Amino acid sequence: MRTSIATVCLSGGLVEKLHACAEAGFDGVEIMDADLVAAFESPEEIRALCARLGLSIDMYQPLRDVEGVDELAFADNLRRAEAKFDVMERLGTDLMLLCSNAGTATVDDESVAARQLGELADRAARRGIRIAYEALAWGRYVNDYRDAWRLVQRADRPNLGVCLDSFHVLSRGHDPSGIEKMDPAKLFFLQLADAPELQLDLLSWSRHHRLFPGEGEFDLVGFLGHTIRAGYTGPLSLEVFNDTFRQTDVNRTAQHALRSLNWLSDRTAAENGWTTDRLDASQDPTGVDFVEIAGEDLSAIEQQLDQLGFAFAGRHRSKAVRLWRAGDARIIVNEQTPRPGARLRGLGLLVGDAEAAARRGQGIGAPSVFRRTSAGEQHLSAVAAPDGIEVYWADAAISRSWQGEFDGGYPAVERASDRPEGDGLRGRIDHINIATPWQHYDEAVLFNTSVLGLDPEAVTELPGPRGLVRSQVMRTADGAVRLAMNLVPPTAPLPARHIAVRVDDALSVARHARARGLRLLPIPSNYYDDLEARFGLDPDFLSELADLGVLYDRDATGAFIHFYAPTIDGVFFEIVQRIDGYDGYGASNAPVRLAAQPLTAAPQG
Ligand SMILES: O=C(O)c1ccc(O)c(O)c1
Ligand SMILES: [Mg+2]
């Protein structure tokens, strides 16, 4: 289907926006009146630019508050309409969006509104213009798509139809299945927007918090399914009012927007057994293959891995890259980069078919990452996530193959294997926590759903020393892969990102780590007084937690024992133990951890 986007989604001036839409690969645009009015280019110049860029102007929105008024006001509304029809002729577009009256309506009478819409449509017909009538969720008398549909039927003009907007339908909790009862010839236009579930008035929710499909909590797949089953064949158009996207890079937002539309149409097709040219079975990850830390000199990281009980598993045969292992947890330490400071750079995911996962990622528009591979080395396909992390895919054979490139021969190998029985750490990656800059956050949510096949858990807010931190975990259903995203607000430095390793006995790991000289993140004794008050823990257990600096949480499903190693530049490690069905992340301990960690900016990218 054709793809389109409302210029209101993007930052900058109209010309800049049009270039970005074309560059991203959209077929068309909806132009908001405010964008044209503020432009120095004439309608003819905008028309010529769109033609040159290969963009159709699918709809123009120049008029509101027309129907449901007294006759005097209506006469003036028709005068305004004629002036805007002139502009549309100059723009070369024939579809006008008309929102239901939210400002000036005084006549609560459907026969009046239908007659006025009919009269407007007749005027438009003389100019070859069609009108798409849209029920705004906050319209004075018309705020339900079924009411708009009834008025359109009642007015009964060939050039009058409806514009459906998923936000207005889903924000009011209206049942979208009624769309399938509508006449497809009257479905003139479709606007798509997602949104988070918020307790907010409809107008503010719509004007500030809309999101691209796949980033919020609305069922856009279900909504689009109804519309296509109804017989709609027009463009799929994005209309997302969002303050972040209005302030950030226009090209990046346009690309991100198209990715969301591709994701939505693929998912809708898959759900309904339709095919699209991009559709490929999604490759849900089955586990974490590795986490990569990069930097110029990572000896401090290696010392900490050694103290935590990781075993050195070899040096790469041709690169300044080393592998550390603790059971199934594999950490790649890459010193090839000339940039100082340790940072979390790569994430390897295990999937059934690595090539299919990479194809799907690239098909959906994720930028691929090039990494030099020498002869005889395993090639890994990768894409760049919006937060700067490189994501690699491997199946079991590929994983074995790249691990075979690490050949040992480093003194620490003996040190690791010399350890007494039970001393070596066995574990797996439990989660990684990626502090995500505010302007990339929504895009990263979409990336994690559409490219990585992860599902969002509910958003939580963690109290930190500088206010609440918005946090969202995205995971596989079985918890084998979990990415925690923490939103970093505009004025805050980027905090360190962390790697959590799951073990069977976190206290034993803490004891051994201390014996090897690791000082854990210091935890105040007030925290342990509070733990005692909350859980009435066994005094010996509590004093060992306090002595080591280990944290504890419990809920109805089980318990969580975890601790943090001190931050090194942009990275730190957490060791976690999950007891029984505990499925959280110790959120109640986050304020203590956040307060204890330094607030310095972490190296990025
Ligand atoms: O908020 C508004 O004014 C507005 C304008 C046009 C739309 O299509 C819409 O959904 C909302
Ligand atoms: Mg709309």
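For all residues, glycine too, the Cβ spot is worked out from N, Cα and C.
Please treat TrEMBL annotations as automatic predictions, because they have not gone through curation.
Annotation comment: TrEMBL describes GLU134, ASP165, GLN191, GLU239 as divalent metal cation binding site. Under the heading Mg(2+) binding site, TrEMBL lists HIS431, HIS498, GLU574. Per TrEMBL, the feature domain 'VOC' maps to 428-566.
Checking the binding-site residues ASP165, HIS431, GLU574 against ligand 1, the ones with a C-beta less than 6 Å from an atom of that molecule are ASP165. Here the domain 'VOC' (428-566) has, by DSSP, the following mix of helix, strand and coil residues: 44 helix, 51 strand, 44 coil. Note on proximity: among HIS431, HIS498, GLU574, the binding-site residues of the record, the Cα nearest ASP165 (divalent metal cation binding site) is that of HIS431. Counting only same-chain residues at least 6 apart in sequence, those with a Cβ under 8 Å from the Cβ of HIS498 (Mg(2+) binding site) are LEU344, ILE432, ASN433, TYR564, VAL571, PHE572, PHE573, GLU574. Within the set of binding-site residues HIS431, HIS498, GLU574, no residue has a CB atom less than 6 Å from any atom of ligand 2.
On the 0 to 100 pLDDT scale, the domain 'VOC' (428-566) averages 93 in this prediction. The Mg(2+) site, placed at the center of the C-beta atoms of HIS431, HIS498, GLU574, has further neighbours from the same chain whose C-beta lies within 8 angstroms: ASP430, ILE432, ASN433, ALA484, ILE499, ALA500, VAL501, PHE572, PHE573, VAL576, TYR585. Spacing of GLU134 (divalent metal cation binding site) relative to HIS431 (Mg(2+) binding site) is 44 Å (Cα to Cα, whole number). Sitting within 8 Å of the Cβ centre of GLU134, ASP165, GLN191, GLU239, and not among those site residues for divalent metal cation, are the Cβ atoms of ALA6, LEU97, CYS163, LEU164, SER166, PHE167, HIS168, PHE189, LEU190, LEU192, ALA193, SER237. The separation of HIS431 (Mg(2+) binding site) from GLN191 (divalent metal cation binding site), Cα to Cα, is 36 Å. A gap of 34 Å separates the Cα atoms of GLU239 (divalent metal cation binding site) and HIS431 (Mg(2+) binding site).
Each of the binding-site residues GLU134, GLU239 was scored by the number of other CB atoms within 10 A of its CB, and the lowest score belongs to GLU134. If you take the C-beta of HIS431 (Mg(2+) binding site) and look for same-chain residues 6 or more apart in sequence within under 8 angstroms, you find VAL473, ARG475, ARG482, LEU483, ALA484, ALA500, TYR585.
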